[in-house]
Amino acid sequence: MLFTIYPKKPNHAPSQAQLQERINNQKITTSVFTESLKKLIKNKAFVIHVIAYGACFGVSSSSAVVLSQFNISHRDAHNEASRMGLPMTLIGMVGSILIGLILDQTHKYKETVFAVCLLSTLSTVWLLFALEYQSKWMIYFTIGAFSFFVNAYWPAGIEFAMEITFPSSESTTTGILLAVSRISELIFTLILSVINFKYGAVWAVAAQVVILLTATLLTYWTPNNLRRQEAFRKNVEFEKVPQEDEIFNN
């Protein structure tokens, strides 16, 4: 279907960065990609954000991997972990949708990312107490809250990256974010698994708190250069984009 139905690109630019590319008629070559990469590496705000995003993404992904080790009860730990997985997924979906609506209405990218990261940290702190007191309902509640905020952080973090790197290629920016995130996921999964195996779930969650708190502080220190919003505020004429897809109307 990708090769037979969908066009190479949409008739109307889906974003400001894509519009800029079309106006400049710029072709993506190796030299253009290398130059874009150099600009991103020299972008202080982006470098800080990549580290923070990688830390938050890595912690949240590794939590899913070691979830079965976070014992609610010694007898039924694996079953409890599977029961926690479903609400985590569903609540996380709700968080992603809501954060998109908030960003669309407010355009407060850094503030939203910072708030979500901070709330993820606080929900993890609450999980520490839940594990310490072996309270099942508290663990379910905090796991749900953590999933809500952490899943909301992922799209918000990508949108913030688009803002501070404009007019750099969105695919390059997203690719760097995801690459660093996957590396962080692998590293944190190994570290948290070792900590949990040797010292227990409480210490593993405590390590998560430290990592998330570091990510929150890094987000606070990230320069709030909303370049894409500045471009929108300029006197640029946009053509009206149709709301129906021509492919499915034919």
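From the backbone N, Cα and C atoms, a Cβ is placed for every residue, glycine too.
Copied over from TrEMBL:
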type	residues	note
TRANSMEM	46-72	transmembrane segment
TRANSMEM	84-103	transmembrane segment
TRANSMEM	112-131	transmembrane segment
TRANSMEM	137-154	transmembrane segment
TRANSMEM	175-195	transmembrane segment
TRANSMEM	201-221	transmembrane segment
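Within its own chain, the transmembrane segment (175-195) is flanked in space by residues 40, 50-51, 53-55, 57-59, 61-63, 65-66, 69, 157-158, 161, 203-204, 207-208, 211, which lie at least six positions past its ends and keep a Cβ under 8 Å from the stretch. With a threshold of 8 Å between CB atoms, the same-chain residues lying at least 6 positions outside the transmembrane segment (137-154) that come near it are 56-57, 59-60, 63, 70, 72, 84, 87-89, 91-96, 98-99, 113, 116-117, 119-120, 123-124, 126-127, 129-131. Away from its own ends, the transmembrane segment (112-131) comes close to residues 52, 56, 60, 70, 99, 102-103, 106, 138-139, 141-143, 145-146, 149-150, 152-153, 156-157, 160, 201-202, 205-206, 208-209, 212-213, 215-216, 219-220 of its chain (Cβ-Cβ under 8 Å, at least six residues beyond either end).
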